[in-house]
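Let me begin by presenting the structure, written as structure tokens, before commenting on it.
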């Protein structure tokens, strides 16, 4: 507590422990909710493409759901308990390993988001060639590339003097204070991520133009089922686009905000990050009617 009080001299011990309790309960509760939601999505999507024809979109969304589960587990198993206890449990290497794992799963979500946008782009503009491009083998090659690039992006964090962990004093996940980590937390993290996000936005923007044109020109010619399917595609595109903006807002927020208050550091560097991994699962059910109906059925149960 001496280290905490030195950073927040105006806080009493009771106020510090109150912050710890609020932050710890929020991290664990939201982490469990998000983990269960993403696990449900994974189960439903996995069951849907095993029971019917192969779906590249479902496979990519399954990968994203697994990555979200991995990130949220780090909040449930490490940062939440550490905050409630008031000190890190286990050796320091344990916190670094949780940090390595959560950055790996986070960056995999970044790259799989681009793969999902690419998959949707191919399905829209190359409809007849889509089965030959995004078949089972092609999809797993694409997914393998996603994880290979993710691994390359994470290699620098395993170098001596580098690392990412949870700091109880600040209630925040961050890189350890070394010159190596300053580089990791700056250009190496943000430049590739922004490039990927912008690539996804470009693909989704082209898709939006296509959908808008199709709506304006052919909406009156569509039958009832075609019109409903088109509306669903537009709605899912909007959700996807908002998710991309949420990614960029999250990263820009982390760069711009320099909070000095301990609880605001928790909000900026832990809570915001966790929340963005909780609310990303809804898009996974939008494109396949069978998947959506399966999810609705299970939610009613």
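Every residue, even glycine, has its Cβ placed from backbone N, Cα and C.
TrEMBL entries are annotated by machine, without manual review.
As written in TrEMBL, here are the features:
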- 28-277: domain '7TM GPCR serpentine receptor class x (Srx)' (DOMAIN)
- 21-45: transmembrane segment (TRANSMEM)
- 66-89: transmembrane segment (TRANSMEM)
- 109-128: transmembrane segment (TRANSMEM)
- 140-168: transmembrane segment (TRANSMEM)
- 188-213: transmembrane segment (TRANSMEM)
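The largest share of C-beta pairs under 8 angstroms with the transmembrane segment (66-89) comes from 21-45, of the ranges 21-45, 109-128, 140-168, 188-213. Over the domain '7TM GPCR serpentine receptor class x (Srx)' (28-277), the average per-residue pLDDT in this prediction is 82.
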